[in-house]
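Peer 1: Structure incoming, see below.
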Amino acid sequence: MKQYIPIESVFAREILDSRGNPTVEVEVIAEGGFIGRASVPSGASTGAFEAVELRDENSGRYMGKGVETAVDNVNNTIAPEVEGMNVFDQVAVDKLMIDLDGTPNKERLGANAILGVSLAVAKAAAEALGLGLYQYIGGVNAKTLPVPMMNIINGGKHADNSVNIQEFMIMPVGAENFKEALRMCAEVFHNLKKVLHSKGLSTAVGDEGGFAPNLETDEQAIQVILEAVEKAGYKPGNDFRIAIDAAATEMYQEDGSYFFWKSNIRKSKEEMVDYWADLAGKYPIISLEDGVSEEDWEGWKLLTERLGSKIQLVGDDLFVTNTKRLEKGIKQGVANSILIKVNQIGTLTETLDAIQMANRAGYTAVTSHRSGETEDATIADIAVATNSGQIKTGAPSRTDRVAKYNQLLRIEEELGEVAEFPGLKAWYNLK
């Protein structure tokens, strides 16, 4: 017999995200008083192919960034259609909202409106069954805790400093479990603060909790991180690997070259590939995200041919959590991993479809936050539900980031002996 609990009410409100910008929060109540609440994140460096985040564009309110239109779309357009539907029928609810919107990129109702409802429905359903969200989405096989990909030095569009590359991250591949992984990362983070301080560099933190010092070169960021790893008593390569998010789309020029605007250096796509290969040869780098632009398919092919069997090549702007873009990438043999951001596509169903497609093609999936976050920790549950093996959700600083890590600690505790921490096995597709 199919279990049926109707959705009684859907309500949205405008709240603030971690950058002080408005975002959408949705509450779904199912019969019996089961409540699901979800809030929607927002990115600073966004891919051109992402689903549309609806903003009011009213300059007299929140400098044009209000989301009252999206909130109204939930309360007046989506709610009347979704109320009465089965809270367990996630696919049907998501499909109804996609059809209601009727555009390929959700620009009519807004991906921020649709996603808020989608996630809140899943949370209400989990609540009704008395399950953790990760168990509801992932079932009995949801047991893999992700290796954190922790952003501890920021540059690019995320920081007003001299560093062109957007994110330098640490990955505690030598940890035995998630709890230990988190401790190791926190210790490196605090040691990095000491290293930067000793060099007279800034220790103020950016949007994602990482430091944003003015460095002489981008490469120096890797060097100070490795110094901090050693100071914390760990071994680079064994205990920690480095991950980089280049956000190269931000550097891409109309003539097909790449401009490192903070240091006034221009590189061809071939030189970009050489640059990454050189860094990957010198340092214990395991992952490179958006090493070339979302538009540069030829550059992606060169990069994948050169480094695709050695390190993880993550498509973020390239794939935008979109199965059509991912399918094209798989057919062309570019990248070997996809970054998963729920708000790039706008529903839980489409997010899970993208992860499934990636896994079937032998691509890894990295569950990710956005630079504008809230206290909502849904992505922690999604990472475990899908056994994705990796999560990117900022430094161990700022509650909007730490909320996700703390939720993963709770999940690991709840899973007990069943919990698995993959370490280097997360990169099953590398030689």
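Each Cβ is built from the backbone N, Cα and C atoms, and glycine gets one as well.
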Peer 1: The Mg(2+) site in Swiss-Prot lists ASP245, GLU289. Which one of ASP218, ASP274, ASP316 belongs there according to the record?
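Peer 2: My reading of Swiss-Prot gives ASP316 as the candidate in that site.
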Peer 1: Check Swiss-Prot: it lists LYS341, ARG370, SER371, LYS392 as binding (2R)-2-phosphoglycerate. Then name which of GLN90, GLN135, GLN166 it lists for that same site.
Peer 2: GLN166
Peer 1: Once the DSSP letters are reduced so that anything not helix or strand counts as coil, what is GLU289 (Mg(2+) binding site)?
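Peer 2: DSSP call for GLU289 (Mg(2+) binding site): strand.
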Peer 1: Hey, of GLU208, ASP245, GLU289, ASP316, which of those recorded positions are within 10 Å of SER371 ((2R)-2-phosphoglycerate binding site), Cα to Cα?
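Peer 2: Final answer, ordered: GLU208.
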Peer 1: What other residues of the same chain, not counting ASP245, GLU289, ASP316, have a CB atom within 8 A of the CB centroid of the Mg(2+) site?
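Peer 2: So the additional residues around the site are GLN166, GLU167, ILE244, ALA246, ALA247, LEU288, ASP290, VAL314, ASP317, LEU339, LYS392.
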Peer 1: Among the recorded positions GLU208, ASP245, ASP316, report those whose Cα falls within 10 Å of that of GLN166 ((2R)-2-phosphoglycerate binding site); none is a fine answer.
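Peer 2: The recorded positions passing the 10 Å Cα test are ASP245.
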Peer 1: Do any residues at least six apart in sequence from GLU289 (Mg(2+) binding site), in the same chain, have a Cβ closer than 8 Å to its Cβ, and if so which, in order?
Peer 2: GLU167, ALA243, ILE244, ASP245, ALA246, ALA247, LEU313, VAL314, GLY315, ASP316, LEU339, VAL366
Peer 1: Across all the protein chains here, work out how many other Cβ atoms are within 10 Å of the Cβ of GLN166 ((2R)-2-phosphoglycerate binding site).
Peer 2: 26
Peer 1: Can you see whether DSSP assigns ASP316 (Mg(2+) binding site) to helix, strand or coil?
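Peer 2: The residue in question, ASP316 (Mg(2+) binding site), is coil (DSSP, three-state).
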